[in-house]
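A quick write-up on the structure given underneath.
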Amino acid sequence: MYQVKETFYTLQGEGARAGRASVFCRFSGCNLWSGREIDRAKARCTFCDTDFIGTDGQGGGKFATAEQLAEHIASRWPTDAQHARPYVVFTGGEPLLQLDTALITALHARGFEIAVETNGTLAPPPGIDWICVSPKGANALVLTEGDELKLVYPQADAPPERFTDLGFSHFYLQPMDRTVLGDVSSQVRHATDYCLAHPQWQLSLQTHKIAGFD
Ligand SMILES: C[S@@+](CC[C@H](N)C(=O)[O-])C[C@H]1O[C@@H](n2cnc3c(N)ncnc32)[C@H](O)[C@@H]1O
Ligand SMILES: Nc1nc2[nH]cc(C(=O)O)c2c(=O)[nH]1
Ligand code: SF4
Ligand SMILES: [Mg+2]
């Protein structure tokens, strides 16, 4: 049984593949926060910008089999997109609590390229085509290699220097959309300054929030 908060067709807003048409599948639940505001301050991840509780969002629900969820995801991809490889981004919540080999196989069989957005604390099943790890505070990383490392910045207990030697192809700093330095725009400036001083890192702005899409 897969528990899905929502599924929607949009452009990837963040990171190396920003701008790419994608079906987003947001799984319910996370191992670092209950999702309830009352628990936020004591959670292992305290700055989350997402509602991932339950299965009541657009295109959400409970899916009994991998085939059923894969069919649901495939139905979101436009039918006239002959020249583009179908692309699904699994996120959450924490997608590696639920993404498994059966679902990967069912989506590959439908021609999909498969990406995940993960906090990096859980081992992934084999076969994922694009892995984006976004470290959270002091929580230990199990996933120390992948396609992109996208660090929300600043985090007092997760400085960028801790990650520079890991095995990722791209390193991004994404300004935190939650106030820690007084205002979000000074956090954007702070991330910009860090990238200028440390060119291993590139700036990831959450373009969907700027442009106003999901
Ligand atoms: C909501 S998370 C879900 C996937 C996974 N649990 C994770 O943390 O990577 C999706 C992406 O949003 C980022 N994110 C969460 N809260 C954010 C915030 N307040 N500002 C900027 N990015 C944020 C995460 O770091 C992650 O890259
Ligand atoms: N457009 C868009 N791009 C995204 N990239 C990562 C997202 C996420 O919440 O995981 C996200 C999202 O929620 N919307
Ligand atoms: S790990 Fe990801 S989904 Fe979980 S609380 Fe943090 S940002 Fe949100
Ligand atoms: Mg988001």
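Heads up, the Cβ atoms here are built off N, Cα and C, so glycines get one too.
Because TrEMBL annotations are produced automatically, they should be read as predictions rather than curated entries.
Secondary structure at ARG26 (substrate binding site), as computed by DSSP, is strand. Annotated substrate binding site per TrEMBL: LEU11, GLN12, GLY13, ARG26, THR91, in sequence order.
Sequence annotations record features per position, and here TrEMBL assigns domain 'Radical SAM core' to 17-214. For the domain 'Radical SAM core' (17-214), the model's pLDDT averages out at 97.
Taken from TrEMBL, the feature [4Fe-4S] cluster binding site covers CYS30, CYS45, CYS48. Using a 10 Å Cβ-Cβ cutoff, CYS45 ([4Fe-4S] cluster binding site) registers 20 neighbours.
Annotation for LYS136 (S-adenosyl-L-methionine binding site): same-chain Cβ neighbours under 8 Å, separated by at least 6 residues, are LEU32, ARG44, CYS45, ASN119, GLY120, THR121, VAL152, GLN155, ALA158. Mapped onto three states, the DSSP output places LYS136 (S-adenosyl-L-methionine binding site) in coil. Taken from TrEMBL, the feature S-adenosyl-L-methionine binding site applies to PHE47, CYS48, ASP49, GLY93, SER134, PRO135, LYS136, GLN174, PRO175, MET176, ASP177.
THR50 (Mg(2+) binding site) has a Cβ environment of 13 other Cβ atoms inside 10 Å. Feature annotation from TrEMBL assigns Mg(2+) binding site to THR50.
Cβ neighbours of ARG26 (substrate binding site) (same chain, under 8 Å, six or more residues apart in sequence): VAL4, LYS5, GLU6, THR7, THR50, PHE52, GLY57, GLY60, THR91, GLY92, GLY93.
Separating the Cα atoms of PRO175 (S-adenosyl-L-methionine binding site) and CYS30 ([4Fe-4S] cluster binding site) is a whole-number distance of 21 Å.
Candidate binding-site residues: ASP49, ASP177. Fewest other C-beta atoms within 10 angstroms, ASP49.
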